[in-house]
Amino acid sequence: MQSTGFSLLLLVAAAGCSAAADRRVLYDRRVTPQPWSVVARASKHQRLHVLLAVQQQNLDALDKKFWAVSDPKSSEWQQFMSKDEIGELVKSKAEDMDAVVSWLKAGLSEDAVMTQSHDSVDVRLSVKDAERLFETEILIYTHSNGHTILRTQGKHSVPQEIGLAIEFVEGLADFPQKRSDKTMPKKRSADDTVTLVAPQTLVEMYSIPKQPAATKVSQGAAEFQGDTSYNQVDLSAFFNQTGLAQQKVSDIVGPYDGTVPDTEASLDVQYIMGVGQNQVDWYWTSDLWMYAFSNNFFNTKEVPDAVSISWGWAENQQCSAQIAGSECTTIGADSQQYVARTNTEFQKIGLRGVSLFVASGDSGANGRTDPTCTDGVLHSSFPGSSPYVTTVGATMLQNPKFELANPPPACSSQGARAKCASGGTEVAVSSAEAGFTSGGGFSTYTKMPSYQKAAVSEYLSSMASKLPPATYFNSSNRAYPDLSAMGSNYLVYMQVSGGFSPVAGIAASWVQLAYLNDYSYQKSGKPLGFLNPLLYQMYAELPGAFTDVTSGDNKCTESGCFASCQGYYAAKGWDPVTGLGTNNNNNKQEQPQQQHSLAQKGWW
């Protein structure tokens, strides 16, 4: 019996070696991230959603075209391309795509749903099919909050003959990125006035036109990983109590359950619609993470002109949240590879004429993965660190003014000592006052784009004595944020929370974009698209277009300030805390006759 058992073990081991030689391991998960735990083996009939990223072509040509249509100095500015034209430009080699699709078809059951694009394959399949195709084991994991997902344990692989055609697979081994709960304002003494923000506050502060835009431009908010949603009854109550015209979201894409409203989603939708009145409003959700969202967005025929993304995670941990670096770089989709592929999707989206706005983060320059600042390095947040999005930092008010002509009923919802502001001096948010610290810094992986080199160089030179240690960041990489906006004490309505409550955070879509896009449509018949080259050119030629925010820093985290925490200081001009500053429409209107290239194009 012993001899037979030994022989059987040898046969199994030999079979495993043979299989390994014929397969390419894409990922090998050996750790369960906290606070997840394994429940059981998944049932073979349970369903999975995975997305295969197939190798692309002509990325140099894509990059050249992207910058040409995004640069106001280019003769090709705003000459956007169609979805199909872009797809044809970067499409995978026919032999690669054919091999991947043939392999999938041979292993999928009849109930599987496969959608092929120019450079990816989206598959909804059973656990049985997934385990067979990827030679892996799929388990049920549960989060401490009760949320459950299906993910692999150990290796997942593909046949060697298609291994190099596939960059990575999303939806098999990646765990949801953690998102912070929106904070309430810090408690103050009984004599203090609590400063609140309503849509009218933003309209007044940033000189946003009070009349709706003339054209029907479109805008949207994006949420991730099957997160809970906004509630239409809450949205209606918000409009009623803020004195705004009733509106409804025009298009919902992805999973949506309005019976479980979420603070972040409610904030995004209520303020994008409340400030950008009379628009075509979208709500877009993805059950996976950033690559899957951007891929699905690009491949959709009709999309909004601008999208707000209030999510992010450490750039060097995009492969899986809360997994140590050695696990992230295991064979397959390491973080740098994931970021690069997602950045390509952002370029494709920008080439369609869509603006992406991303919040800079809630945990300072150190980031949420290092709450007590012990890593000896600053952690950039992705996608905020992408050079192909417009990243927005958060401000709060000092010396607020309370001069709204007709404060809406919502402004009296928090008691006699709480008032809606009309303006004041903006400073960078701080954890001591707002309960969070605005993110900002330099990308871990991506080089600095030319559009911001002059502005960032000024900061690095003038603030050299106050910079973090050189080993903490790479000053030659993409710097963010680009802009800032109010980020504290937004009045958000949620019936499950008892009505209105003030929360922290920003609807990252820069608050006046709908009106800039409206202006662009009137001038050229097209949206603005990727905004950053225009913004930094405006800063160089029309510095008064922005209100410079020069007070504050981002050294603290959500957990507080520690002696080991490093970060950046706000300063004159661009800085890694508040970017170029906040919008100042008044100064734009006061300088229409200046001779600069934007005026020559008819923009001022």
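Any Cβ shown, glycine's included, is placed from N, Cα and C.
Those TrEMBL annotations? Automatic predictions, nothing curated.
Values in this document were obtained by computation on a predicted structure and should not be read as measured data.
Database features, via TrEMBL:
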type	residues	note
BINDING	Asp548, Val549, Gly573, Asp575	Ca(2+) binding site
COMPBIAS	583-595	compositional bias 'Low complexity'
DOMAIN	196-595	domain 'Peptidase S53'
REGION	580-604	region 'Disordered'
SIGNAL	1-19	signal peptide
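For Asp575 (Ca(2+) binding site), the count of additional Cβ atoms within 10 Å of its Cβ stands at 31 [all protein chains shown].
If you average pLDDT over the domain 'Peptidase S53' (196-595) in this model, you get 87. The binding-site residues listed here are Asp548, Val549, Gly573; among them, Val549 has the most other Cβ atoms within 10 Å of its own Cβ. Taking the mean position of the Cβ atoms of Asp548, Val549, Gly573, Asp575 as the Ca(2+) site, the remaining same-chain residues with a Cβ inside 8 Å of that point are Thr550, Ala570, Ala571, Lys572, Trp574, Thr578, Gly579, Leu580, Gly581.
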